[in-house]
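Peer 1: Questions regarding the structure given below will be posed in turn.
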């Protein structure tokens, strides 16, 4: 029970305060769609600006494929096989108008070290080009790729010899003729309209080596390039829809203060040019970040999983200017892929689409694709249910050579609110092959995208969130751990002793602990303990806090280029990166090392041991266990980096936490030794019936019975001796 109480006292309440702050900062915008998300649906799309209808013909419909994060790695067995399988088995069979690759084409990392620094290998790019040639897709009008952070990390100059993208990309002749721009665009032309696609390469020169290259950067020159692409296409084409493709989701792009020559930031440029969606990759662990979709200011940010481990592909369809998409992982299955284009998914409806066409439509429209290894004869029937009621037991394929299936319907039957449509494919034996379900609305009611970290943070921008969290850390550090203990001491008009147990005031069975008083008590108890920390330990812990929150640390960032790193950014070789992975690991170090150590060293022996296992009690104290686990784990991690070849650079590659962790480790060991000696001394005095110990206990009882008394234990010789 003592350990449980200590955990509640020292961790539950501080964690509750942190959770409330986090919820206050993040959750409200994501609890439900903002009102403007509904209001925008009521804005009238000009119905006479678009012709065609959602009927039973293939007219005014095209589709394309997005893949991302290939991570071709020369040190992996059969490297490139996953990407080659996707190209061979799916691209030709799906027959898209074009393919967009949103970065991280190569892994570009040193082998056998962790964290792995960036190093570019020509073999990985040669493998990329080889696969494109083998699949017959190495075509600049079909294959549109762009660099990711792995492709440009540690590239120091635009014309550096290891900037291989501009040598091996299908776009290389075009991009080199434009002096290797950061942005490029193309317009896909159909008889019924023009569709603009703009690629944003957010790599800077020089870019820091991985793994500190997590965040991407937008500067004035890039914004000017972006505006130039939009302006050129606007002047030469009548654009139906606009989609931007890049590697990093918008939430990881630093942009709050950056503006173009015309005075517009990234958000304003995208909004003014009626961008329907930004499609990207970067987060490519489906277990942790599955389906990272978000919407901000009428623009969808749609992240796709990776080819590297999941063989993930996304099929986009633009049907009468309504866009739809489906993601699928191709690694462990060979099922057909269903894309429902009408009625479209109500999570992704936008004022920039002719949504009135859904209400005027006469047919449900479904695209069904499959790999080259799937036998299409397995598809016997395609059925359609809405809200559990069957609309069609057997949908019709409009053409044996086309993937479009249709079923007649009356949208007026579903004119109010959200409904659910289910498409089921069955084989010749009547067995279900695959089913897909999605929500839709005829009256333009949007569905909420869903609860996920990406949607929540996207409302604010991850960089802005982390800057805000930095401020919170500093506030907690300065106010709670530095100022409040002094104030508490003055309010209580006395100095607590090293052997006084604050919680004993509640040992009286007549004292009632209410729910609210418990939190006040735990907070005072925590502050009380902080006020007991000796001056020399306060100096050390303040030094640790400074290093965790501010830095700086110095190391080799890329190819012999040295610079300084801080929690809020990195500067080297004339390049300033206002944010990096240091943010994440500084927070981990602050919460996993600094805070447990602070609590642990504020826990001198405050009560005599009452059992024979007093030595064990010291070692299994919750604060001791957590603090020791944290520092030993970090020291082991850092030591591994140090002895696997990074040497001096391991300090920065270990995220600058080596030295503060060493200080914390020394503080913990020193405190354990001091407290262990005090326990032994107290135990001896208890066994010998030392009269001085009796006086000490009497003094404690007097102080506890009259906590406001001016008398305290500082005058006790035995107390001074034990301090």
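Heads up, the Cβ atoms here are built off N, Cα and C, so glycines get one too.
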Peer 1: Under TrEMBL, which of the candidate ranges 648-685, 686-723 is annotated region 'Disordered'?
Peer 2: 686-723
Peer 1: TrEMBL lists transmembrane segment for one of the ranges 439-461, 462-484, 485-507; which is that range?
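Peer 2: In TrEMBL, the transmembrane segment feature sits at 462-484.
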Peer 1: Kindly report the helix/strand/coil residue split of the domain 'TMEM62 Ig-like' (333-444) according to DSSP, in that order.
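Peer 2: Going through the domain 'TMEM62 Ig-like' (333-444) residue by residue, I get 15 helix, 49 strand, 48 coil.
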Peer 1: Which whole-number mean pLDDT does the model give the domain 'TMEM62 Ig-like' (333-444)?
Peer 2: 93
